[in-house]
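Participant: According to Swiss-Prot, the protein carries these features:
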{"type": "ACT_SITE", "residues": "S226", "note": "active site, acyl-ester intermediate"}
{"type": "ACT_SITE", "residues": "D316", "note": "active site, charge relay system"}
{"type": "ACT_SITE", "residues": "H348", "note": "active site, charge relay system"}
{"type": "TRANSIT", "residues": "1-68", "note": "transit peptide"}
Amino acid sequence: MSVALFCGPPPAVSFGCKDGRGRKGMVRSKDIVRQTVKPPAHACRLIGWNKYPGSVVPTNSSLSPSPTALDDEIELDPSPFLIIYKDGRIERLKGTTVIPACPEVATKDVIIDPATGVSVRLYLPNVVDLPSKKLPVLVYFHGGGFVIENTGSPNYHNYLTLLAAKSGLLIVSVNYRLAPEHPIPASFDDCMAGFNWVVSHSAGPAPEPWLARHGDLTQILISGDSAGGTVTHYVLLRADAGVIEGAALVHPYFLGSKRLENQTEEDFEFHEKLWRLSTPDTEGLDDPLINPLAPGAPSLAGLKCKRAVVFVAELDFLVERGRMYYDALVKSGWGGEAELVHQKGVGHVFHLSDYSGDVSVDMMAKMVAFLRGE
């Protein structure tokens, strides 16, 4: 079975870049798609994020605003991720392109919960030569700040295809619901459901034949990047003991109410607002869901895995939070083996867009070695 990274060009889609006052003068790009969906009614009222009230409406009070003008009024502007209009539409600016599952490289999509629409994408490496071999299973959670990306995003599809080919693991990538339409903890709940769905194949009838035939359910690992790294920590606290062999947290999206020295005020404020948009009922950046080191957060000694590795990038806004997490884990009394991989000269999730650079190749080698237990 050959493993191809690209199954064909992404679909031709378009996206409009805002000029600060609606969609006037927008440019088109084939790489991004406009999604118009309705968020919860309260989501747009919570934070004053670059509001432009009425700026596209005629100033002459005798004129009635046109429907087009009203449609284009911006309520919140957390670009470059998304724009929320006053009529409730959400326009995602990135992370929406979907590459279809590729039968040529043994990938497929499976809906695991028809009620919520939560699905998984499975990546089965070359088993034609070893049809009876059972493979370790990696459950993966994608990033995107909880508001963008999906299992079919080109970066994730191509990266996980490559990872499956190099590691020889059967990978299950969870396609969870996004905020603000589905406020947190929906994404956390969906990922936990995806993990439990995989584990369920170890007892009783197995609904997914790939996992039943090729998955070694005694060797389950989990991983995620950015927001997916945050979810990885969440799952580690809630899984049954003895189920997870190892966990890899890649540039985990951990925040906190205190701005660190390496974090600019602009970046800090952006991520605070993004978290509040995603989590309307949050108490702030010391919510244990986003800050595992906050007062009252569950002890890291309770992580349910034997091995853990934390990847951090020198130029990443989140680098110090990742290092702090690793240090706290080592000091927590947790009984597993912990490793920190600090890579220099690169930024947040650099490895998803550059597969051939020296640092990316080194990171892939370290990830594969960890997953294999080498």
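Including glycine, each Cβ sits where the backbone N, Cα and C put it.
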Participant: Any idea what the Cα distance is from H348 (active site, charge relay system) over to D316 (active site, charge relay system), rounded to a whole Å?
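Facilitator: With the alpha carbons as reference points, the distance is 5 Å.
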Participant: Please list, in sequence order, the residues in the chain of D316 (active site, charge relay system) that are at least six apart in sequence and whose C-beta is under 8 Å away from its C-beta.
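Facilitator: Looking at Cβ-Cβ distances below 8 Å from D316 (active site, charge relay system), excluding near sequence neighbours, one finds H251, G322, V346, G347, H348.
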Participant: Among the active-site residues listed here, S226, H348, which has the most company in the form of other Cβ atoms within 10 Å of its Cβ?
Facilitator: S226
Participant: Please state whether DSSP places H348 (active site, charge relay system) in a helix, a strand or coil.
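Facilitator: H348 (active site, charge relay system) sits in coil per DSSP, no helix or strand.
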